[in-house]
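Q: A single structure is presented below for examination.
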Amino acid sequence: MSSPAADEAAKREATQPAAAAADTVGAAATPNGGNYKDSVNALRSTFLSGQTRPLSWRRKQLEALYALLTDQEDRIAEALWQDLRKCRQEAAAAELLILKADIAKLNRDLPQLTDIHKVKKTFISMMDNLGLQQQPYGVALIIGAWNYPFQLTLMPLAGAIAAGNCALVKPSEIASASAALLAELVPKYLDQSCIRVVCGGAKETQELLEQRFDYIFYTGSSRVGRLVMAAASKHLTPVTLELGGKSPVYVSEGVDLGQVSKRLAWGKFLNAGQTCIAPDYVMCPPELAQPLADAVAAQIAEFYGQDPKASPDYGRIVSDRMFDRIVGLMQASKADRATGGDTDRDARYIAPTVYTNVRADDALMREEIFGPLMPIMPVSGVEEAVYFINKCEKPLAIYVFTHDGSVKRRFEEQTSSGALVFNDVVIHAGMETLPFGGVGHSGMGKYHGRFTFDTFSHQRALLYKSSSATSEMVNNKFRYPPYNDSKLAWVNWALSSSVKKGSTCVLM
């Protein structure tokens, strides 16, 4: 007999399509009938009018964005269920709550963030005042992702607003129900003269990228990230690229496999594995491989029951194309399957699956999995694990389960990644005091909390030069031609004094 929760899940799945019809997105309408140049120009005119500069405007928009998430929580959860069969708990924790916390912190810290910051004076500027001013770039293009369609679209938007920018927002068309809802709700809550939403697919994205923006923020694949960067280079537009890659896990001896397996299974099978920072593959000493696989299998059963397909807490793959890609990896793999392996294309269901005896050249190790497959690859120890990681592209995150200080130092000092997390996975993304972003192949730039504000701000140097007679007397000693040995002596003295005081100066 099925559980009431499973019955409700089956009922919802039967009455709601896994993805909204393609023309749903088209119905959301692009601004000005798809005339992107006019839209960008209109946003730039608004920006140049100064409308987005006052703190009052920024706060009003942040509060409106917060209200959108609060008022429309049920509709957002419904869209996420349609696109990804994302359960209410995951929708709340990984989309709504993390967004609301970020918006609230930005709004709370806005006076401090936007204030001119005084900086330390150099020896040569003792009579002057120095500062840093955070300036908005202008018109930002934000291209969201489908796996967390609200978080990954609205979190950068919140930072762009806080920094005083106008924005053109492009949700991912793959999560079509979420894209249509964003296109409907954003204009109702936010200032349409400053913030616009464009819906569409690859063609529309390409047309958007032909326009001149002042900043581009892209979340998605490395392949498309290269195209975004190439398009931005034509206008010398700065970019943030939030990409992905194969985020590795290393499990060392002496850890509690029960705790490790619980955290690994949660992070890997969250959103059916469709998370950019999901643990992609696991390395451990050979003697730990089978016990770890057994422990993860036990956690899968505890989380989702003996039939994860019937669990209301387990998601689905977003599209047929993504489903076929993951199944192709499963079919090509030569590794041993420890648990899982069931698939249903009509439901876009792939069971949580664990593989053992995975070789470095296996199909599962060739690309980012981005699905509910967990390969466990035996390695001789930390030295081989670090060597293998460093042979690959730099990942978005590295996860290390260990209580050994020397192992921690090895990863701290000898690896490079967007984040390094000890004894947990994924959870760092929910901490707004930590920057989130990649390095190299996994991306460039960072955001979350004040880091999003900084990303959408140009840090302008300010110098308030003294016009006093004393200041000019000092300038006359060495600054202006004609030069002589006496003025050179003053330069040498000023430079040596700056070095002694621990600061440097440049004489202009």
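Each residue, glycine too, has its Cβ placed from N, Cα and C.
Per TrEMBL, the features are:
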- 1-33: region 'Disordered' (REGION)
- 13-460: domain 'Aldehyde dehydrogenase' (DOMAIN)
- 15-30: compositional bias 'Low complexity' (COMPBIAS)
- GLU242: active site (ACT_SITE)
- CYS276: active site (ACT_SITE)
Q: Enumerate same-chain residues with a sequence separation of six or more from CYS276 (active site) and a Cβ-Cβ distance below 8 A; give 'none' if the list is empty.
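A: CYS276 (active site) has long-range Cβ partners ALA145, ASN147, THR219, GLU242, LEU243, GLY244, PHE370, LEU396.
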Q: When the pLDDT values for the domain 'Aldehyde dehydrogenase' (13-460) are averaged, what is the result?
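A: When the pLDDT values over the domain 'Aldehyde dehydrogenase' (13-460) are averaged, the result is 94.
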Q: What's the number of neighbouring CB atoms sitting within 10 A of the CB on GLU242 (active site)?
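A: Around the Cβ of GLU242 (active site), 25 other Cβ atoms lie within 10 Å.
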